[in-house]
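A short write-up of the structure that comes next.
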Amino acid sequence: MCSYSSTNVFDIGEYTTEILRVESDSFLSVTFFFFLSSVQPPKPLLIATPLEAGEFPLLMFLHGYLLYNFFYSQLIQHVASHGFIVIAPQLYTVAGPDTSDEIHSAAAITNWLSQGLCKFLPANVIPNLKKIAISGHSRGGKTAFALSLKKLNISTDIKFSALIGVDPVDGMDKGKQTPPAVLSYVPHSFDFDMPVMVIGSGLGEVKRNPLFPPCAPKGVNHENFFSECKKPAWYFVAKDYGHSDMLDDDTKGIRGKATYCLCKNGESRKPMRKFVGGVIVAFLKAYFHDDYGDLLAIRDSHVSLPLDFKFDSYL
């Protein structure tokens, strides 16, 4: 871990990518259910995949509260262009405060991968199920941590190799965590057998207006998640960007418009999205390919950066 890479993970990578839409078994008609139900995933998926032949590690990415998975299309394609298959399920369309169903759904999708994923990928694109990371944004980040901690005694057939929280949020405030609570407020108490990265937003804890709480409140946000991590853990905070700034440039519909109105945002989404995509790629290259050059270059600012950030780690 002593040399820098000459590549720029903040740019689109060398692989041509495609986003595939896969419906769940609950969307199948009665006619086809008997034949296809064992093949279709438990929840609808977006799959961002390279089109060139090869074996690629996987990243499962869980969406934020009441958001659609396709709001992250540009982000997951960025990651896929660097040689990763990204699985982005739609865990729900309507949900209350309890995240138990999301944890169960994320586990079911993980267990489906070994039997179903290959059937939907391009020819000669092979998923490496021995190298799979789980990640998520906001409430999806909480869900990723909860599943990794085996909350509700839920486990998966496939072992995760890395964990990434993108501005994870555990509820409204300390003492007002959504069940099941992930944070215990005991430093370094997360019992993970894998590397972890937490990405935070500097503006996430800031109210956009007095009528709404901040989208990533202090006491239940990225700072607290990182505090409970053990070695090895990496921590990046984008100083002047907000909780929704890694989403697509144009998020349509009522929910899409709400992402501009409810959270304190930066000047534009592109820098934050490039930063999040880049550090995810650098982290996965480090721990899946033993190539730490990009991650170290970002840490030490030896690469052109899309924004200002602060950094910490437990290494």
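Heads up, the Cβ atoms here are built off N, Cα and C, so glycines get one too.
What TrEMBL says about this protein:
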ACT_SITE  Ser138  active site, nucleophile
ACT_SITE  Asp167  active site, charge relay system
ACT_SITE  His243  active site, charge relay system
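Put simply, Asp167 (active site, charge relay system) is 5 Å from Ser138 (active site, nucleophile) when counted between their Cα atoms. Asp167 (active site, charge relay system) and His243 (active site, charge relay system) are 7 Å apart (CA-CA, integer value). All protein chains shown were included, and the count of other CB atoms within 10 Å of the CB of His243 (active site, charge relay system) stands at 30. For the active-site residues given as Ser138, Asp167, the lowest number of other CB atoms within 10 Å of the residue's CB is seen at Ser138.
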